[in-house]
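Listed features, source TrEMBL:
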- 107-154: region 'Disordered' (REGION)
- 177-226: domain 'PHD-type' (DOMAIN)
- Tyr179: site 'Histone H3K4me3 binding' (SITE)
- Cys180, Cys182, His204, Cys207: Zn(2+) 1 binding site (BINDING)
- Met190: site 'Histone H3K4me3 binding' (SITE)
- Cys193, Cys198, Cys220, Cys223: Zn(2+) 2 binding site (BINDING)
- Asp194: site 'Histone H3K4me3 binding' (SITE)
- Trp202: site 'Histone H3K4me3 binding' (SITE)
Amino acid sequence: SLAGIENLPCELQRNFQLMRELDQRTEDKKAEIDSLAAAYMESVRSMVPEQRVEHLKKIQSAYSKCKEYSDDKVQLAMQTYEMVDKHIRRLDADLARFEADLKDKLEGSDLETPGGRSLKKGRSQKDKRSSRGRGRRTSEEDTPKKKKLKGGSEFADTILSVHPSDVLDMPVDPNEPTYCLCHQVSYGEMIGCDNPDCPIEWFHFACVDLTTKPKGKWFCPRCVQERKKKK
């Protein structure tokens, strides 16, 4: 765990630098769109239909690039949060093991003194109460609250990463929001449905048979069925 934490600042710096680069690419592309739009407005009357279509396709392509950069930034931000959260959970688990080992050593030393059993019992109950108290503080105060994500353009500050291999027997916050068709908390890579009225919004890759982010708009299975019914 310590070796991983030592590398964490470098990994965070790299991810933040990548996000800044994505921001700059987006700004450059927006300037290009403004230039293309201005050129189109000035010369649209003199253009033949084929030229208009070609020019509009360039503008549309630039907008698609902007959305692609934004989606990449969202994914990068999610991965960055998951990386930090994974280290926090591992530290919590290591701390819990350390406290358990320390308690066992103290209880072992109590057995060598007169009345050790009564001391052991009293300390054990006290430690249990204190450990439960710490658990509540971790879940209610230290855990960041989620915000809903809409499409690919709005992104919450953080998304809590919960994965079976990372939890390490840590308690799950009962207030943790659930998503996806499986009605579980968020973990790993997730994709947002492009239907703004989607009741679920976010889905785990595995639950919707995805391994990589698809290009263009993506709709969840439920919204696909609803769209077919409307047609």
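Every residue gets a Cβ built from N, Cα and C, even glycine.
A TrEMBL annotation is a machine prediction, not a hand-curated record.
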Sorted by position, what residues of the same chain at least six away from His204 (Zn(2+) 1 binding site) have a C-beta under 8 A from it?
Tyr179, Cys180, Cys182, Gln184, Ser186, Tyr187, Gly188, Glu189, Met190
Which chain neighbours of the Zn(2+) 1 site, leaving out Cys180, Cys182, His204, Cys207, have a Cβ atom within 8 Å of the mean position of the site's Cβ atoms?
Tyr179, Leu181, His183, Gln184, Phe203, Ala206, Val208
Under the DSSP assignment, what numbers of helix, strand and coil residues are found in the domain 'PHD-type' (177-226)?
9 helix, 8 strand, 33 coil
Have a look at the recorded positions Cys193, Asp194, Cys220, Cys223 and say which one has the shortest Cα distance to Cys207 (Zn(2+) 1 binding site).
Cys220
Cys220 (Zn(2+) 2 binding site), number of other Cβ atoms within 10 Å:
23
Name the residues of the same chain, 6+ apart in sequence, whose Cβ is under 8 Å from the Cβ of Cys193 (Zn(2+) 2 binding site)?
Ile200, Glu201, Trp202, Phe203, Trp218, Phe219, Cys220, Cys223
Recorded positions listed as Cys182, Met190, Cys198, Cys207, Cys223, least Cβ neighbours within 10 Å:
Cys182
